[in-house]
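TrEMBL lists 12-35, 80-102, 114-135, 155-173, 185-204, 233-256, 263-282, 294-317 with the feature transmembrane segment.
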Amino acid sequence: MIYMDFSWEYFYMLFFFISFFFLFLTVGVGFFTVFERKMMGSYMSRMAPNKIGILGLLQPFSDALKLMSKEFLYPLLSNLYLYLTAPIFMFWGALMIWLSMVEVFNEWMSMSYCYLYLFCIMSLNVYIILISGWMSKSMYSMESSVRSVAQSVSYEVNLIFIMLIFFLMIEGMSFFKIYEMQGGVYYIFDFFIIFFFTLLVFLAELNRSPFDLLESESELISGYNLEYGGMMFGMYFMSENLMIIFWSMILVFFFFGGGMMSYMFFFKVLLMLVIFIWYRMIYPRYRYDKLMEMMWVGFLLFFLFLFLYIYGIKFLYFSVMM
């Protein structure tokens, strides 16, 4: 940890940098929605948004204006204070997670522990979803919130084991170190099976098809955000898409090496986004009890065995070397 004297000049510079970074993320999420809708439209042989601007590129700004101009409505029996603050904190948490990727914070916060920072922020999202469904006083929203608690416990345990496996191999807790150590051979070639399982866990983490059980229309209409409209719904929508882009970057850090901030880096992230959208287009929704069984009986045992195997190899290696 590096301590430094307080400087207003540095504070203003950091404030404007973070504000610009958050603005860039918000605009990027809008264009990601256009990209997803165009990709799904081409797959389903139908027209994607193409009326507003050239090739429909101004569609995100039109959607934002529409959401902001919506009339504010809320359930009469809801707890209004918590009902309104839940989407704000959800969007705030999605932005705060991205700060683990900002290298400028090396002066104030050791990025060697960005893993711990990431999971501290992630653990709050479950409570926010639970509060939003509970305070809406809606049967469908509450059912979705209960599902989110059970599902989050299932996939986050596997997610912790995945990251511990990589941090055990590199003997550190930094995403950047994992990325830099793949200068010769990418981990995707050595650990393709782990990549496949990690991708499925990330799909469950993001509530994307085929694991979008929190928002299954046939059972819960829209899920925990059923009673939200206008900009409140927009905050939920933006936070979900921010998390999709973020976890695509994490997959690149774990399995695809190369140079940071290069064209190939952004191409790899785009490839991961295409895979997430492709899963949504191809596979039907998984059954809830099958998901619980797969996470606890299948994935957890696999990652636990793999963790103990790598730990045993490193223990024997250091025992022989000493």
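The backbone N, Cα and C atoms fix where each Cβ goes, and this holds for glycine too.
Curation plays no part in TrEMBL annotations; they are all automatic predictions.
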Handout entry: CB contact flag for the transmembrane segment (185-204) and the transmembrane segment (294-317), at least three pairs under 8 A
Key = yes
Handout entry: Interface check, the transmembrane segment (80-102) with the transmembrane segment (155-173), three or more C-beta pairs under 8 A
Key = no
Handout entry: When counting Cβ pairs under 8 Å to the transmembrane segment (155-173), the leader among 114-135, 233-256, 294-317
Key = 294-317
Fill in the blank from the handout: With the cut-off at Cβ under 8 Å and a gap of six or more residues from its ends, the chain residues touching the transmembrane segment (294-317) are 154-155, 157-158, 161-162, 164-165, 168-169, 194, 197, 200-201, 204, 286
